[in-house]
Ligand SMILES: Cc1cc2nc3c(=O)[nH]c(=O)nc-3n(C[C@H](O)[C@H](O)[C@H](O)COP(=O)(O)OP(=O)(O)OC[C@H]3O[C@@H](n4cnc5c(N)ncnc54)[C@H](O)[C@@H]3O)c2cc1C
């Protein structure tokens, strides 16, 4: 689900034309919640990124920030809840039940909608991961509220409404969407769009447990086995410290190997612009940008990429962007920190050789730290 739901979220039309007093019954909806996504004991880092964004919203609204943790009974779920306090939570809601060991939409939707209906948050944020998108859609439809997907910015208006901003019209415009007539206001945010807040050691605060109230027979989906992902080539683009990417300017799939070679020598992940995926030169999990991955590396090297807005939105969180392009007027030079106007097909092998000569495996690790 990559588009916001049309019905409730957009039903009010533009904010300017519909501004009104919030209905009285909205007042029982208070506080900002973040769904803490964990699978097999691993919390997805997007959850902590959202805690950082949620903290800012909660402070602005002068309300509490709560983490919602759903999972099996046991240490991992408890740990996720206590860890949430180190990322800014004031309290945590926990639904722990053996039926929640594996993610199953029905059980997780029931768990989350039940806590929402009981404790009534004003704002509910989830990561736009595979799990988060699946859960957010079904929770919003069950609660009959609006959901703005893949937000790039979150803020609150003077009246406390969530202003959820996301790209629209193919990424050429940003629109701000309000859920005017329904509560809670729900939004998803993709990994790496929000900065990771610092973790500050803290003692756990209030933890409120809530029962699931389901039996196995209530759940149609059965997990027969769990196969761990053994694809060692799978990209870790979103969380890589160094990324080298290539675009159409490289001219052929053979030349794209130059990107892979440089990435390999400096211990980086490799990525690409969308046309390379469309041409079948590179697999889709390597695409960077609005419809691909958002990255926040310390160093991003872009070779033969023009810097279209849909690519830019996925990379502008990088600390240092180095662009290699033959066209000195290419849009990428508007936001790159360092530009090299030259032929990438000649420069990339020269860079690879220079790094190969200078870097021992030990110093390669240092680049990424
Ligand atoms: C709805 C929608 C979603 C999209 N999502 C994404 C997305 O997620 N990610 C994405 O990347 N794009 C996305 N796009 C596509 C985007 O609009 C651009 O078309 C795309 O980013 C352009 O890719 P490019 O820079 O590789 O190619 P081009 O725009 O063709 O740029 C090639 C560049 O290479 C330079 N060049 C040529 N030869 C050389 C050379 N030898 N050495 C160095 N430089 C050279 C050229 O000067 C040029 O600047 C999306 C578009 C739409 C409509």
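Sequential numbering from 1, following the chain as shown.
Cβ from N, Cα, C; glycine included.
Database features, via TrEMBL:
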type: BINDING; residues: 273-274, 287-291, 304-311, 325; note: FAD binding site
type: DOMAIN; residues: 32-223; note: domain 'Electron transfer flavoprotein alpha/beta-subunit N-terminal'
type: REGION; residues: 1-20; note: region 'Disordered'
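The binding-site residues considered are 305, 309; of these, 309 has the fewest other C-beta atoms within 10 angstroms of its C-beta. Taken residue by residue with DSSP, residue 311 (FAD binding site) is part of a helix. The Cβ of residue 307 (FAD binding site) lies under 8 Å from the Cβ of 323, 330, 331, 332, 333, 334, 335, 336, each on the same chain and at least six residues away in sequence.
Taken together, the residues of the domain 'Electron transfer flavoprotein alpha/beta-subunit N-terminal' (32-223) have an average pLDDT of 96. By the rule that a residue counts when its Cβ sits under 6 Å from some atom of ligand 1, the binding-site residues 305, 309, 311 yield 305, 311. The Cβ of residue 289 (FAD binding site) has 24 neighbouring Cβ atoms from other residues within 10 Å, across all protein chains displayed.
There are 17 other Cβ atoms within 10 Å of the Cβ belonging to residue 291 (FAD binding site). The Cβ of 287 has fewer other Cβ atoms within 10 Å than any other of the binding-site residues 273, 287. Reduced to three states, the DSSP call for residue 291 (FAD binding site) is coil.
Using a 10 Å radius centred on the Cβ of residue 311 (FAD binding site) and all shown protein chains, the other Cβ atoms total 25.
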